[in-house]
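As structure tokens, the structure follows; a few thoughts come after it.
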């Protein structure tokens, strides 16, 4: 597995009104590398991610795309033995999966997903070409929650306390899954916020925990449509974010009966959808 951080010596520039100072100092940056995802021999997509928890990421991505519903549908997940770098070592940047739908009548629509998945660490709307497609994905049923505001305001700080890679680099997002009692069950960090969410959801999927009723997806980023949709596909009834919520995220949360809050900072937040306890 590749490194998740890289150490550099970089010029540090300080500019004042009268003089510019330049000093060399050590810096730690987050690693971003491609992960090529192959499903049943088909090159589905290449996503830019922070190495680590790759199999969780892919499970979460396949769930979000509607290609799987249960971890048992992924019969094999392995790194490609032929993916080697200039040093003749395995780069662990090509992941091959064998997927067999639990329902034999359900076909894997790899072509439409493959055609539209972009190559990015902020992958955005994955595998879709229209608003109708965005809204048509069917995940686990949502059972609404009524979270306590006093619990909600504690979650960003709890998430921040577990952002070890951010402490070192300042360059990654974090996602966490919390119970309604405010316990963080799992936290993942990545250069892409969507990757972080996929890793969290993929972890729970691989441990047989779906649907994720009575939980909240906690994000260190803004609350975009894609994150709300990923949560909905996993049956997560609530999303909170330290940043803003987008219009489509709000509309989607309201239509799905989900709870959504943004700008959760200090003792305040904006309440966009759902009911409070």
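Cβ atoms are placed via backbone N, Cα and C, with glycine included.
If you look up Swiss-Prot, you'll see 123 marked as active site, cysteine persulfide intermediate.
Listed in sequence order, 152, 153, 155, 156, 240, 241, 242 are the same-chain residues six or more apart from residue 264 (Mo-bis(molybdopterin guanine dinucleotide) binding site) with CB atoms under 8 A from its CB. If you look up Swiss-Prot, you'll see 263, 264, 265, 266, 267, 268 marked as Mo-bis(molybdopterin guanine dinucleotide) binding site, on the strength of sequence analysis.
Cβ neighbours of residue 267 (Mo-bis(molybdopterin guanine dinucleotide) binding site) (same chain, under 8 Å, six or more residues apart in sequence): 153.
Of the chain residues outside the Mo-bis(molybdopterin guanine dinucleotide) site list 263, 264, 265, 266, 267, 268, 153, 156, 269 have their Cβ within 8 Å of the site's Cβ mean position. Note: residue 263 (Mo-bis(molybdopterin guanine dinucleotide) binding site) has non-local neighbours 241, 242, 243, 244, 269, 270, i.e. same-chain residues 6+ apart with C-beta under 8 A of its own C-beta.
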